[in-house]
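S.K.: From TrEMBL, here are the annotated features:
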type	residues	note
DOMAIN	89-169	domain 'Cadherin'
DOMAIN	170-278	domain 'Cadherin'
DOMAIN	279-391	domain 'Cadherin'
DOMAIN	392-496	domain 'Cadherin'
DOMAIN	496-618	domain 'Cadherin'
REGION	707-742	region 'Disordered'
SIGNAL	1-29	signal peptide
TRANSMEM	613-642	transmembrane segment
Amino acid sequence: MPTRSEEMLMDLWMSLLLVWITCVPSVSMTPITGQSRSTQTGGSAAMASGLGEGQRLLSRTKRGWVWNQMFVLEEFSGPDPILVGRLHTDLDVGNKNIKYVLAGEGAGTIFAINELTGDIHAMKRLDREEKAEYTLTAQVINADTDEPLEPPSEFIIKVQDINDNPPQFLQGPYRASVAEMSAVGTSVTTVTATDADDPVYGNSAKLVYSILQGQPYFSVDPNSATIKVALNDMDREMRDEYLVVIQAKDMGGHMGGLSGTTSLTVTLIDINDNPPKFSKNLYEFVIPEDLPLGKMGGKVKANDRDYGDNAKSTYSIIEGDDQGVFEIVTDTQTQEGILKLKKPLDYETKKAYTLKVEATNILPGHSSTAHFKDTATVKIAVDDSDEPPVFSKSMYLLDVNENAPINTVIGTVNARDPDSSKNTVRYFIDRHTDLERQFNINVDDGKITLAKPLDRETDMWHNITVTATEVGNHSPISRAIVAIRVMDINDNAPEFATEYEAFLCENGKPGQVIQTISAVDKDDPVQGHYFNYRLVPEMLNNPNFTIKNNQDNSISVLAKHDTFRRQKQEMYFLPIIVTDNGHPPMSSTNTLTIRVCGCSKDGIVQSCNVEAYVLPIGLSMGALIAILACIILLLVIVVLFVTLRRHKNEPLIIKDDEDVRENIIRYDDEGGGEEDTEAFDIATLQNPDGINGYLPRKDIKPDLQFMPRAGQHSGPNATQLNGEVEQDGKEKKSNIWSTLLR
């Protein structure tokens, strides 16, 4: 796998190739453009021949900048600033006292310009994802008078993208669902990733998707990130959930690309693909002939492996009930078939019935040829039995006081034998309805007594079932519901509605309300609650506080004076007795905690702590915050000062042996003849002495100031971007790539 540096080098070469393709047409057109300009400006030169040099400058008709767009590689780091490009005007022919000025976005902070040579350097590492391009303005001014020699021109520095951001799934992890038994290729969902890199330049943001986990059940489209079903006949009843891991890789999926993953949980949605099935083929029931109409005679159940509405079935009798004696209905809660009587049974007329019952799904199945139904046989034997005892009431309502003594008689139930034999009846409590065995019943007379104490605050009602059978024949059983209501007695004392904690202001006035107190009582008297509040006897002559009845079952606690001080006592405890109006009355003692606090003039509590009261010595909270803010500001100024001093000492040049990537910009509106070919000396740009000094040598003619020293030559990067530099004796020509801004 290529290293990070190799990837950056590859991106750099691609950038250079793009610049070369852009600049080749401009190079081929340069001579023609120069000739045209010479023809156009000849008349101007003749007209200005009798004028001074300054006057000729004022009579120039048009100037313009000619350049390529400048590029700088993002995230490029090195020990020195990066040379982005070079500005040039045809005024700079070696005998002009000019200075380059740069303005616009990032000028002076991100980008710096050499005032004498026009070299532009990037001072900071740039991030294309933060800002992709910078618009700057260049201008040439007189170095002595700061007067502009040319109108300002605008140009753009673009930040070239590198693959430094991995794909991200911003909404993950994902959840989706698809119907079970879906065909291969059925779309489940689409999960897409985002890449912060440049989608236009290169393949840094070209994403390819793949599945790392979840095969062979699902697949993903590599381009659209659509998740699809990849396996036939996935059955929810076998497995209802799958975990799929999706990967997004940039660089078109090639080696060296960055990747990101996310998870997708796919849930299979149930469809009606399973028929109902009876748990057994034959059901047998014995139904007494005196079974009341509409009462249950038996239950059947057809199970369905599906879920929800797909598992719901309806039952019907399809054979064996020509006279319409029975009906079967569906219990919506248990999905059971309940067999009931529509007509009375007569043992002497017919002793047995054989029915054929069918269970059918309410919803249709997923296949039109499938029959989602099942049948079972139901055999019913009619039992000729004695009629059970009959209760005098179907339901009894009894009352008992809470905390009544054990063995207290609550009430009596009564049943008789309707048969002519008039057998004796015995009574029993169905213990399934009295699991805690709180009640007993006399088997002979039906008197219900209390077996355990009752508490109305725990259970207000008790519903039990009493059964009655005949002596010697326990088969016929009749049942009656007995509802026992527990009556309230005053057995709970009132208490404060909550744990009150009052706050008292030091600067309060006598008679101010400190706290309003109310009470609650678990009891529920018919006439309602009425509470009486009073101080404990020891506090009747309390010099600090008193209470006032608000006539609404609440009281107000008042202060008697205004001399409360935290230094003297910061907390008071006020015991209050609360009594209800029950028989007998119940009371409890509750304590109110009162804190002495410092308050504002508006009575707003500010501090209830003695330490907080004595800590500040003439300083308010605002003053302390202001002092702290000043200290922080001083620290920030010191740090900024040290940082600026450190940045001042950093060099702004690139040494001879550094890898220089340049963009040469040439100003060439009017032809300068042979001088234009010697306007720039690449070797001079590589000369540290010339770059660092920016001062021409006085012992050399102006035309020879920028001649390279013996043995000096331009760097390899300058050769790549600026063309070949040929030196023949004292003459040196440079082929400069440029693009005319139109």
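Cβ atoms here come from the backbone N, Cα and C positions, even for glycine.
Any idea what these are sitting next to in the structure?
M.R.: When pLDDT values are averaged over the domain 'Cadherin' (89-169), the model yields 80.
In terms of DSSP helix, strand and coil, the domain 'Cadherin' (170-278) has 3 helix, 46 strand, 60 coil.
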S.K.: Let's see if you can do this one: DSSP helix, strand and coil counts over the domain 'Cadherin' (89-169), in that order.
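M.R.: Tallying H, G and I as helix, E and B as strand, the rest coil: 0 helix, 35 strand, 46 coil.
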